[in-house]
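Enquirer: Take a look at the following structure, please.
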Amino acid sequence: MLVPIFTLKLNHKINPRMVTMGKFDGIHPCLTAATQAGKVFIHNPHTRGQRQATHRLSQSAQDSDISLLNINQAVSCLTSGTLGPNTTGDTLLVGSQTNLLAYDVHDNTDIFYREVTDGANAIVLGKLGDISSPLAIIGGNCALQGFDFEGNDQFWTVTGDNVRSLVLFDFTGDGKNELLVGSEDFDIRVFKEDELVSEMAENETVTSLCHMHDSRFGYALANGTVGVYDRTARYWRIKSKNHAMSIHAFDLNADGVVELITGWSNGKIDARSDRTGEVIFKDNFSSSVAGVVEGDYRMDGKIQLICTSVEGEVRGYLPASKEMKGNLMDSSVEQDLVRELSQRKQNLLLELRNYEENAKAAPGASEGDSGMGVIPANTQLQTALAVRAATESQKAHIELSISTPNETIIRSVLIFAEGIFEGESHVVHPSPQNLSGCVRVPIIPPKDIPVDLHVKAFVGGKNSTQFHVFEITRQLPRFSMYDYNVQHGGPQPTGRVTFSINDRPQRVVMWLNQNFLLPEGIESPDVAFTCLRGGGLLRVSMQTSGEITLNTDDIDLAGDLVQSLTSFLAIEDLQAEADFPSYFQELRTTLTEVDEFHSVHQKLTAAMADHSNHIRNMLVQAEDARLMGDMRNMKKRFIELYDLNRDLINEYKIRSNNHNALLSCLKSVNQAIQRAGRLRVGKPKNQVISACRDAIKNNNVNALFKIMKAGTASS
Amino acid sequence: MEINLNHVDYMQVGVTSQKTMKLLPAIGRRATQKVAVADHDGVLTCFGMKKGEAVPVFKTLPGQKISRLELGGAQGTPQEKIFVSCGSEVRGFTKKGKQFLSFEANLTETINAMHVSGADLFVCASYIYNHYCDCKDQDYYLSGDKINDIVCLPVETVGRTVPILACQDRVLRVLQGSELLYDVEVPGPPSVLELNNKDGGKEGDEVLYGTADGKLGLVKITESSPVLKWGINNDKRKGGILCIDTFDITGDGVRDILVGRDDGSVEVYGLDSSNEPSLRFEHVLSESVTSIQGGCVGKENYDEVLTTTYTGWVTGLTSEPQQMDAGPGEEVKMSKETQAKVAALRAELEQLQVKVLQGREKYQQSSQSSTAVSAVPVFSVNDKFTLCQDDASYSLTLEVQSAIDNLLLQSDVPIDLLDVDKNSAVVSFSECDSEQPNGNFLLATYRCQANTTRLELKVRSIEGQYGTLQAYITPRLQPKTCQVRQYQIKPLSLHQRTHSISQDRPMNTLSLVGQFSFAEIHSWVVFCLPEVPEKTPAGDNVTFFFQNTFLGTQLEATYCKGEAHFKSDNISTISILKDVLSKEATKRKINLNISYDINEDSVSHTLKMIHPKLEYQLLLAKKVQLIDALKELQVHEGNADFLIPEYRSILDESAHLQEEYKKQPAHLERLYGMITDLFIDKFKFKGQNVKTKVSLLLEILDNYDLNSLMDFFNDA
């Protein structure tokens, strides 16, 4: 059994996912983590108590090994590593919702301090693509930004939603690093510099990513899933009722291949084989794990796995020695093997007994008192999917109907599916008086994603206590919430996107059939749908020249359709013309709002500076009055000071509201760029994104819309 | 003294009942003993260990489910005859496997407890006790509640026959002939009895008991009255006790107490110099432990604790060191025995696989026929739905022979499902349509991890809301089937039986008079309250006492044909009873004359009872809220010396406080709910509807003070 080689209690809370290991003087590794009250602590057991408390740094009074850094803002992410070309040690990078600080711990100086309007939810440090210097890349609200050691903005792009996790590694195998981004819209995106090369859809917010080896990487989701991808293919995954707080790759059993180490919210640490997900080691903390890192913390040349809990407990593990034979857990292999085999034997025996007993049951037998579930052997379940428009009593939905062909009843239906229900399952359980052989399940998928419905239906007699379980898997097509029945005379969509393809219309029809719930016998690619979610119309039409027009007011839907169609037809680059008047109008308003918020922000900042001057004056006056013994005046001053303070607090509230509004506007601007990009594929897509960025930088609103419409900067 | 025991699996039989494994006496000192174990397939297996391999001595043919196994023999000779009970029959086997006895007890029910002593045979069905001597009827007794176990004091030391019954209504009934000698009150429903030291101690009158809620105790059954020697509470909320044995595993010359529980824990208690028990060793198996024995099985000279679990694993916890003798650089060496064992198993598996494939094919083929039926035998489920006294919630445990694939929980009453740390299954709550037509208040699925055979859930109910909780269990076994189990959530679900109540509290009374029979009123009481025997009690009238596990308020129910009286210091309890009983009576078209006598003092009395709990919870919540802020201050200032002592003590106790807070989720909300009910019920009896004033009440509760609350209750 593997045991920790050291355990520390640091007496400081650790914010989850904000732990790093840095050699700030180039030699001694220090455990660095964000703690409460906008502070970062640096645990340096090797050179203790040598620094004076100046600038940001102060010594902890409780523990001489710990120095505290004042950030004065809630830290949202941190990392460390080599940033500048000529620095002796690692640079510490601390991100908050408004700023990014690069800090030299050794010299106790700021390297740069940049304002980042999109916030920094995640940070990663390293080389990206062909960019020569290492970058500190932060992911914020829909945006990615990379800074070099001078604080210059070297890299910028947008992504679909708020970024939650980042990792840099060579995904494509071309010797250069790609950036992997996990975001709140459940996608893992791969950026080769600012070009999006791959996209993997998951079913929850991607909270952590880590590189394993070669093209393999681990990921964790907010619903308790962890797993491993090899390039774009998922290798394995497991789901737990707890949440994965931190994942890290480390070779714990010393077999030359790293394992995926996961720290869980219930305090569990486990190491899983990268191939199978099998647990090879586990340990428990008394509180949630905060972060998992590695480093040579004992300075003896061996790298340890270091796990930290939110309560400040730190444990270090050395990779297993040879004697342990990869058997890190406290049980003997042979016993487990024997037990497993016996269990299998028992299971087979039970199954065999089931068949034997079944054979004994005479044809026409009924339940009797045995409570056995007896159904005709030829019972087969029929399932059907249909689109149902909204009625007075029910919202528009997709109906899955399940029925038995005979007098048996369906006691209950369980549907396990990812991403379309609140949890992972949906249950229909009719009351005893409503039992029948047919169950209709309304399904309303919140997003346009293809979903496998794993249906389990309990079939038996009305009074059975034991039921047969029928397991069926049905696929719900991606665009299932679109009704082929169109009522004429409604308002026509004003938005459209037009592009040309070199493919036969039959292929487009095939795509339609695969992705929509269509009645049989549709042979023309000119179709119209009613959107069940928002109402409104979707029209797909194709000219003989291969020009396809999608008419809809929903720019997101148009983007999804373009992406789905092009990946079906394997088109790598696609240029498109688009116009979404109502959406563009909205965006125009948002852009003016951004300007307004900016100017309000400036005014408020100026007012704040004014007030602080006032305070200074007043404080001096009050102090003077006190020294002079003029109590009346002093009291007056302090009352004024109190009023001023209240004003300041109010102003702060206004400022923070203003800031939040600004943030949401900026997010929607970033999203607009992303959406405009999604109407194109491949190179044209990247061109649109970077051209839009330039237009925004130059504050050229008209150019921005032109680009979004035409797909190119200016021709 | 520390003891170190290692886990060894010996073999697997079918699903086992409580107390169905015994060790046969050793021939000669320190030799290995043979194991006799019986299972639900009706097979009695006797085996010994030879070189790490289980060698069967004999094995009987399958038959009816075996519920108990005991050893016996003529007095003064080694107790090596094996007796098993299956159905209403008792069979006897010699140690060689020869059947010498088949005795039909002529009971209408199946035997669920048995004791053998010399020529005397004692058997118990649900409520009936029978004593036979040389297979001739001797004595008979009808118990007031279900009998869980029986034991007899040794005749050779005591000089007379003293049978003791463990009954579900929290008493041990000591009999003399066909008559009840006296009752022994124990703190929980006793589930198992065993003689202390195997012979009842020096005077042969000491009996160990274990309860379904996990308590353990020793009681001395003297001729006139019982003497409780010691009792251990179940503070750590472990499972209920299923089996006890005494054996000197620590080697200190005193027999230790071995305990097996239904949550899989195996414990060894040693007795210290003052004869008080203390925990010496603990091990957790993955399934409930149905039998436990101390002895020597695996290897000579190494004592061990032998257990069987629900799914039939016979497992030893042996004192023999299990060292891996692999040197550095070598492959892990598997002992030859294990290698042979594994090879044999694999071969067996392959054969089975072929057979199963054939069976599967045949089954598939039958689906083509229009007359054939698919009938899958019922799989056995070991379930338990019990009220936990200390947090006033129900715990539901389910255990199945093969791994559970998923579980669906459905309830037609509002209940809360609580998370249990132990359980690793992924839970998902489904949207419910609590309105008609389906009336579901809870739909939750548990998707289990591989190899989960046991699931534990916690459910919190609200008094006054009653209905059924259903669990659909689907194991990972082909052809896939699922079984439904039902559990009643009774109107007074948080009440528990108790032996007596204090009479000096102000009481409210509810009286019913009408044309109902004794059986009818009893069935209504069964419907309302947990832990009441389903069988109508003997005699003309009966009295039961209950205690509310959450608030500590009491209820006394006395009823006979045509008349019933309920007394409680909690007005809400009376109100619920009144509503439910009148509803039940209307259902059966029986005219009831309901009268009640409300004691105004009882309300303030109940409020005073709630007061300390509420105050404690409020204070706790306040303290826990402060912890983070105080810690931040501490970090900021570098130490906590500047804080006032009160805050410093919060910091010092922070871990403990947080743990306490976590242990009782929603405790405050529940208390608020009960106070609100109390308020509404108080005025309901006066014929006033005060629902509009509830928001005012909640305001008062937010700034809680006992006096202002009492004033509000009085003035409103």
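Glycine is treated like the rest: Cβ placed from N, Cα and C.
On a predicted model such as this, the values are computed, not experimentally measured, just so you know.
Checked TrEMBL, it gives:
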type	residues	note
DOMAIN	A:20-126	domain 'Ciliary BBSome complex subunit 2 N-terminal'
DOMAIN	A:165-272	domain 'Ciliary BBSome complex subunit 2 middle region'
DOMAIN	A:393-479	domain 'BBS2 GAE'
DOMAIN	A:489-569	domain 'BBS2 platform'
DOMAIN	A:581-678	domain 'BBS2 hairpin'
DOMAIN	A:683-709	domain 'BBS2 C-terminal helix bundle'
Enquirer: Which bits of the chain, at least 6 residues beyond where the domain 'BBS2 C-terminal helix bundle' (A:683-709) starts or stops, bring a Cβ under 8 A of a Cβ in it?
Expert: 156-158, 194-196, 573-579, 584, 587-588, 591, 669, 672-674, 676-677
Enquirer: Thinking of Cβ pairs under 8 Å, which stretch from A:20-126, A:393-479, A:489-569 has the most of them with the domain 'BBS2 hairpin' (A:581-678)?
Expert: A:489-569
Enquirer: Tally of helix, strand and coil residues over the domain 'BBS2 hairpin' (A:581-678) according to DSSP?
Expert: 96 helix, 0 strand, 2 coil
Enquirer: For the domain 'Ciliary BBSome complex subunit 2 middle region' (A:165-272), DSSP counts of helix, strand and coil?
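Expert: Its residues fall into 0 helix, 69 strand, 39 coil.
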Enquirer: Counting by DSSP secondary structure, give me helix, strand and coil numbers for the domain 'BBS2 platform' (A:489-569).
Expert: 26 helix, 22 strand, 33 coil
